[in-house]
Amino acid sequence: MSILEKVQPIETMLPERYYTMSTEDMEKRVREIKEKMGETLFIPGHHYQKDEVVQFSDAAGDSLQLAQVAASNKEAKYIVFCGVHFMAETADMLTTDEQVVILPDMRAGCSMADMADIEQTERAWEELTKLFGDTMIPLTYVNSTAAIKAFCGRNGGATVTSSNAKQMVSWAFTQKERLVFLPDQHLGRNTAYDLGIPLDKMAVWDPHTDSLEYDGDIEEIQVILWKGHCSVHQNFTVKNIENVRKNHPDMNIIVHPECCYEVVAASDYAGSTKYIIDMIESAPSGSKWAIGTEMNLVNRIIQQHPDKEIVSLNPFMCPCLTMNRIDLPHLLWALETIERGEEINVISVDKQVTEEAVLALNRMLERV
């Protein structure tokens with residue numbers, strides 16, 4: 001047992017017996033419980049999950065899509081969310097009070113979501129208001145905590161996804177002169193630049209120094225980017241692209257917009273997870289692709305398209321480590337606990353936070 005497991009609250013510790021069970025036995029038990037529970041159990045699985053987990057998901061998709069699908073399954077009393085913490089929070093906020101959302105491993109967080117906590121954000125908003133007055137509107141990527149979504153909700157802002165970021169940023173500028181984009185600076189920068197906003201009219205707020213970083217005239221700043229990033233997509237570099245161009249000049253390069261501006265600019269295509277999946281799906285047989293996104297998804301795409309030559313843009317990439325905490329043993333543990341009439345790792349968002357966060361979510365859903 002690791003030190004991390006020893007210091008966890010007892011309800012989040014995986015019992016020892018799951019470490020000794022065979023994969024075959026665990027898979028058999030998951031199937032038995034799924035069959036027994038029927039429609040009262042719903043298992044959403046994020047695209048970045050391991051195959052050992054995704055094989056049992058009732059729906060696969062991105063975070064918001066899965067939360068919406070979970071909310072539409074009114075028959076399901078238990079939603080065992082195979083993703084990370086902020087995704088389970090969103091599912092809890094969109095489902096009914098009678099439905100129970102469970103995260104198989106409470107350590108499955110998101111480093112990017114954790115880069116913007118509510119205290120830092122409230123402090124930043126206060127300081128930025130001193131500089132810019134009532135000229136700002138906040139937008140947050142759905143990859144953020146419920147508290148940050150709620151902050152945006154009560155301040156007239158909204159959430160965005162990587163698929164609809166352009167639409168939502170365009171909307172934001174019909175509301176206010178300036179935009180504060182949380183927590184992923186890269187998605188914010190790439191989206192704003194794609195809409196014609198020059199880089200020198202963007203600034204970065206550093207929550208650790210409580211300072212605004214910018215190159216141009218402060219009065220001309222239109223976009224304030226939170227200094228956060230995805231730890232996975234940050235690892236794709238221009239050097240990776242140069243190596244592909246040199247060794248495979250006929251290979252298409254497609255990346256997620258959570259990659260930095262320089263990588264997106266040097267790629268052939270950039271878009272959401274769904275965009276990447278659809279692009280490869282519709283590509284002709286024999287086409288060649290280097291993909292800049294999470295490794296579990298890249299490997300799954302490779303398996304699904306043996307007629308195409310597909311590689312990771314960075315050959316030394318690792319999967320998302322926090323997403324990978326959800327594994328077959330933790331999934332089975334969650335299901336067997338439910339089968340016994342018990343509940344572990346329940347995700348429950350405060351009522352007021354939920355109300356304000358849903359405001360932000362609905363402002364997005366009404367416009368896309």
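Keep in mind that glycine also has a Cβ here, set from the backbone N, Cα and C atoms.
Note that the coordinates shown come from a computational prediction; the quantities given were computed from them, not determined experimentally.
Features of the protein shown, as given by Swiss-Prot:
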- His46, Ser63, Tyr141, Val142, Asn143, Ser162, His256, Pro257, Glu258, Thr273: iminosuccinate binding site (BINDING)
- Cys110, Cys230, Cys320: [4Fe-4S] cluster binding site (BINDING)
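Features as recorded by Swiss-Prot, highlighted on the structure.
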residue : record                        : DSSP class
His46   : iminosuccinate binding site   : strand
Cys110  : [4Fe-4S] cluster binding site : coil
Tyr141  : iminosuccinate binding site   : strand
Cys230  : [4Fe-4S] cluster binding site : coil
His256  : iminosuccinate binding site   : coil
Cys320  : [4Fe-4S] cluster binding site : coil
Same chain, not part of Cys110, Cys230, Cys320: whose C-beta falls within 8 angstroms of the C-beta centre of the [4Fe-4S] cluster site? Give them in sequence order.
Tyr48, Val84, Ser111, Met112, Ala113, Asn143, Ser231, Val232, His233, Glu294, Thr322, Met323
Near Cys230 ([4Fe-4S] cluster binding site) (Cα-Cα within 10 Å), the binding-site residues in question, chosen from His46, Tyr141, Glu258, are Glu258
Based on Cα distances to Cys110 ([4Fe-4S] cluster binding site), point out the closest of the binding-site residues Tyr141, Asn143, His256.
Asn143
For iminosuccinate, whose listed binding residues are His46, Ser63, Tyr141, Val142, Asn143, Ser162, His256, Pro257, Glu258, Thr273, the greatest C-alpha pairwise distance in Å:
18
Restricting the comparison to the binding-site residues His46, Tyr141, Asn143, His256, which residue's C-alpha is spatially nearest the C-alpha of Cys320 ([4Fe-4S] cluster binding site)?
His46
Have a look around His256 (iminosuccinate binding site) and count the other CB atoms within 10 A of its CB, chains all included.
27
Nonlocal neighbours by CB distance (under 8 Å) for Glu258 (iminosuccinate binding site), same chain, sequence gap 6 or more
Met112, Ser162, Asp184, His186, Leu187, His229, Cys230, Val232, His233
Please list residues from the chain of His46 (iminosuccinate binding site) whose Cβ is under 8 angstroms from its Cβ, counting only those at least six apart in sequence.
Ala60, Gly61, Asp62, Ser63, Leu66, Cys82, Gly83, Val84, Met87, Met323
